Amino acid sequence: MNNGIIILDFGSQYNQLIARRIREHGVYSEVIPFNTPIDEIIARNPSGIILSGGPSSVNAENAHLIEKSLLEKNIPILGICYGMQLITHLLGGTVKKGVKGEYGKAKLEIQKSNSLLSGVSRFSTVWMSHFDEVETVPEGFYVNGMTDVISAISNESKKIYCVQFHPEVSHTEEGARMLENFIFNVCKAPKSWKLTNYIDETIADIKEKVGDQKVILGLSGGVDSSVAAVLIHRAIGDQLQCIFVDTGLLRKDEGNKVMENYGEHFNLKIKMIDASERFLSKLKGISDPEQKRKAIGNEFVAVFDEESHKIEGAKFLAQGTIYPDVIESQSVKGPSSVIKSHHNVGGLPEEMGFELLEPLRELFKDEVRKVGEELGIPHHLVHRHPFPGPGLGIRILGEVDEEKVKILQEADDIFIEELYKNDLYDKVSQAFVVLLPVKSVGVMGDERTYEYTAVVRSANTTDFMTATWSRLPYEFLDTISNRIINEVKGINRVAYDISSKPPATIEWE
Ligand SMILES: Nc1ncnc2c1ncn2[C@@H]1O[C@H](COP(=O)(O)OP(=O)(O)OP(=O)(O)O)[C@@H](O)[C@H]1O
Ligand SMILES: O=c1[nH]c(=O)c2[nH+]cn([C@@H]3O[C@H](COP(=O)(O)O)[C@@H](O)[C@H]3O)c2[nH]1
Ligand SMILES: NC(=O)CC[C@H](N)C(=O)O
Ligand SMILES: [Mg+2]
């Protein structure tokens, strides 16, 4: 990571965003746990270190602390929110509980500019989320800016800068400039993060690591596994064997499309396993969402395990793990409650006996897409909406059977086709149809009908943690509804989901 920017993770929700913003400037950045030993941090030779925000309070008994000596290594430091409070606390200033805290927008007034705030207007809007506040600043520090509280302080000779607001979120008007000032003016970080270099280096690494052994990979046709497959194929060609499991719960014609797009076009060796009967029989009689997810997840592991051991001499298991998956699994944010059990190959048991190969584990999703495009994967494939492992199994509410799968595939296909036709697909983050186990009365051609209800769902989001429903044009919704009701036998009513996340979730189960 030589010369990149290290972000010490104290549990803020925005850490990934900071890293992405920095990488967008061509500077490498990574998020590591706050309690990483100092030697390890120094060994990475960072150009600068950012101490993130976090839920803890510096005065609390079990506060997340670091050794003060990290602030004395002559490496530029930026403390954000909790990071500012921590620096203040460690260097002899004081932090107290605020009276009401500041949440959301606040007005920042700059009183004394510095290298971090250079070029920032005297008054600007910043975004806050804190309760504690700095009461007195450490010796040698100046107050550079105020909201209702002390909001920017620094000690320029020590190259330590602190802000109480979050420069990484877009609601902080001049936040981008501040981060840019930090990485270039203060840290003098080199612009050495280029995806083309990453591709070349990764291909060389894979070649060296794999030698003349075989690699297997679960290919879903989704973005991550497909980009991983094409990248690995570049490195080792036919030593890569892909396994594509047709769970019977995929979108219309998905199997053929995967074989065509990646088998024919990219010459990947793909073994397609038709396991639809196995999955459908395991789902018989189950209508509880969590039980369905578990049943599908277990069957997936069973099928994958059997098939992978049929491939002689396979030593490596490749996965499309990406950086957010890595950060989420190591974050300090304790265990959160289980809303849904997500399943994917990341959940494959360790005792399968393969060595892991994860060539995308340092990349964010938008970077994975760029790598895909560099490798020649067409735009519409690398910009596909995510599709969950359990597939249509969790979009058919209640018990799943073959007939319902067919009905849903047809309806979903119409929706997606129309989104592309109307140039809307890339404007929404995830769109699909859900089939309800609810029948209602309708009238078609003077005949009474009694059929299922379909719900059209489209969400806009950047991180899939929060989302709003897409404001699709009425005329467009009208087209969808007409086409689905007229063309799909079994559906006589269409509803549009206008719930945001939270409190709803994107999927219905
Ligand atoms: N039908 C399938 N056959 C083989 N492997 C699969 C299948 N479905 C999922 N997987 C494996 O599970 C992993 C996780 O799935 P996930 O949906 O998170 O990622 P993805 O499908 O690669 O990308 P995206 O997030 O764009 O859908 C995939 O990378 C793939 O290795
Ligand atoms: O690979 C996956 N395996 C799963 O089991 C799974 N469940 C939900 N999702 C996807 O996660 C995102 C957030 O979904 P929710 O708002 O419904 O929790 C959305 O993009 C969902 O499609 C899954 N992806
Ligand atoms: N967002 C933050 O980093 C908050 C810091 C600290 N927990 C506070 O409430 O002041
Ligand atoms: Mg997927």
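Yeah, the Cβs are placed from backbone N, Cα and C, and that goes for glycine too.
Annotated features, as they stand in TrEMBL:
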type     : residues                                               : note
ACT_SITE : CYS81                                                  : active site, nucleophile
ACT_SITE : HIS166                                                 : active site
ACT_SITE : GLU168                                                 : active site
DOMAIN   : 193-384                                                : domain 'GMPS ATP-PPase'
BINDING  : SER220, GLY221, GLY222, VAL223, ASP224, SER225, SER226 : ATP binding site
Integer Å distance between the CA atoms belonging to GLU168 (active site) and SER220 (ATP binding site): 33
Inter-residue Cα distance where the pair is the residue listed as 'active site, nucleophile' and SER225 (ATP binding site), in Å: 36
Neighbourhood of ligand 3 - recorded positions from CYS81, ASP224, SER225 with Cβ under 6 Å: CYS81
Among CYS81, GLU168, SER220, GLY222, VAL223, ASP224, the recorded positions whose C-beta sits under 6 Å from ligand 1: SER220, GLY222, VAL223, ASP224
Fewest Cβ neighbours within 10 Å, where candidates are the recorded positions GLU168, ASP224: ASP224
Cβ-Cβ distance under 8 Å to VAL223 (ATP binding site), same chain, at least six residues away: GLY320, LYS365, VAL368, ARG369, GLY372, LEU381, VAL382, HIS383, ARG384, PRO386
Chain-internal residues, separated by at least six, CB under 8 A from GLY221 (ATP binding site): PHE244, GLU254, LYS257, VAL258, ASN261, TYR262, PHE387
Distance check against HIS166 (active site) for the binding-site residues GLY222, ASP224, SER226, keeping those with Cα within 10 Å: none
Sequence-distant neighbours of GLY222 (ATP binding site) in its chain (C-beta under 8 A, six or more apart): GLY320, ARG384, PRO386, PHE387
